[in-house]
Amino acid sequence: MVGKLMVVRLVLAISVLGNLLLTTSAQSQACSSHTFTENRVFTTCRDLPHLSSYLHWSYDQSSGRLDIAFRHSGISDSDRWVSWAINPNNDLSSSMTGAQALVAISQSGGTPRAYTSSIQSPATQLAEGAISYPHSGLTATRQNNEITIYATLTLPNNTATLVHLWNDGSLSGSTPQAHSLSNTQSKESLDLLSGATQAGSSGGSLRRRRNVHGILNAMSWGTLMPLGAIIARYLKVFKSADPAWFYLHVTCQTSAYIVGVAGWGTGLKLGSDSTGVTYDTHRALGITLFCLGTLQVFALLLRPNKDHKIRIYWNFYHYAIGYATIIISIINIFKGFEALEVSVGDRYNDWKHAYIGIIAALGGIAVLLEAYTWFIVLKRKKSANKTAHGINGTNGVNGYGSSAQHV
């Protein structure tokens, strides 16, 4: 009965924490809740899908007047450049070349210097220069870890949509350096009137696949796999949980492997679709996990009987590969979070914190069960010794309870 209660509590804990992982991303602060200083008000805003950025704007289509405020948060460096740009050609495939940029440079965490730059090639260093759009009121501010660019642009009459892009990078002195190659998806086609993005943008699809990849791997390699190990190590101590613990263990590990392979496959697809973006360590650990998980599946098929002479060696192999897989899984999930921080900023911190909560809960459960199962094992051993001692005494072994010797 105790074993069954443990199983129920474990399942409930993982269900609650899993739901937390899936829902916490929706709790991020939306652009609509932001209040600007100096009584600035914009009619429309959008939470941009990359780099913890937000675009606020008011647009009059008849005159072409576009008032914008571009916010970029999550900046930890004191020396940083931030840019928001429009591509006049409305070409998403080569949106950087020809883009007309508004740039803000912040040095030593001070007030940023704002200027314009016409980007002629991807190797640009954002040299100051005129842009093709008439503009006014170009300023920039910095509050803690957020830089905001304000400007008023005049677009061609009756413009309804535009291709815009945004990015950030480091400085060498006061000269902007190339942005990270992982930040190549911060672009989209935007409808200025409705605020919707156009179907031609690949950012939404990429973001969905990235989310699917992260959820599949966090719930399989990072949650079900450790849960299966906890079940195998601790629940088998309880006689009432036998043989249920074995089937639960196999179910957890098999499910983790199947879902994990799906997550691994989505990762390979993401890598092939992200030309120039590489996460070597994350990729290598993912391939290693797939290999170790596959070895465990084959080992299950070749498991010898309990009384077989090589069973002890199989057990050692099974434990070593299993624990190595769990450790590498957890490490690689955090490597995945690091990759997200590079590409989209701190927007996925809630996911990271939720997963830390899951691992902490599993670790706490393991510690409690470790102590409790040791208590049970020692208690049983002590009881067995007393029983053996009583039997030996009754039978007259070792001189206890023996009758007197007669000459």
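Each residue, glycine too, has its Cβ placed from N, Cα and C.
All protein chains included, H282 (heme b binding site) registers 19 other Cβ atoms within 10 Å of its own Cβ. Residues or ranges marked as heme b binding site in TrEMBL: H213, H249, H282, H318.
Looking at the domain 'DOMON' (51-169) alone, the prediction's average pLDDT is 86. As annotated by TrEMBL, domain 'DOMON' applies to 51-169.
Per TrEMBL, the feature domain 'Cytochrome b561' maps to 181-378.
Feature annotation from TrEMBL assigns signal peptide to 1-26.
Sequence-distant contacts of the transmembrane segment (214-232) (same chain, at least 6 residues past either end, Cβ-Cβ under 8 Å): 7, 10, 14, 17-18, 21-22, 245-246, 248-249, 251-253, 255-260, 262-264, 266-267, 289, 293, 322-323, 325-326, 329-330, 332-333, 336, 340, 348, 351, 355, 358-359, 362, 365-366, 369. Taken from TrEMBL, the feature transmembrane segment applies to 214-232 (among others).
For 244-264 (among others), the entry in TrEMBL reads transmembrane segment. Sequence-distant neighbours of the transmembrane segment (244-264) (same chain, 6+ residues past either end, Cβ-Cβ under 8 Å): 3-4, 7, 212-213, 215-217, 219-221, 223-225, 227-229, 231-232, 235-236, 238, 286, 289-290, 293-294, 296-297, 300.
Positions annotated as transmembrane segment by TrEMBL: 284-302 (among others).
Long-range neighbours of the transmembrane segment (314-334) within the same chain, counting only residues 6 or more positions beyond its ends whose Cβ lies under 8 Å from a Cβ of the stretch, are 217-218, 221-222, 225-226, 229, 282, 285-286, 288-289, 292-293, 295-296, 299, 302-304, 352, 355, 359. Annotation source TrEMBL lists transmembrane segment at 314-334 (among others).
What TrEMBL lists as transmembrane segment is 354-377 (among others).
Using a 10 Å radius centred on the Cβ of H213 (heme b binding site) and all shown protein chains, the other Cβ atoms total 21. Listed in sequence order, G228, A229, I231, A232 are the same-chain residues at least 6 apart in sequence whose CB falls under 8 Å from the CB of H249 (heme b binding site).
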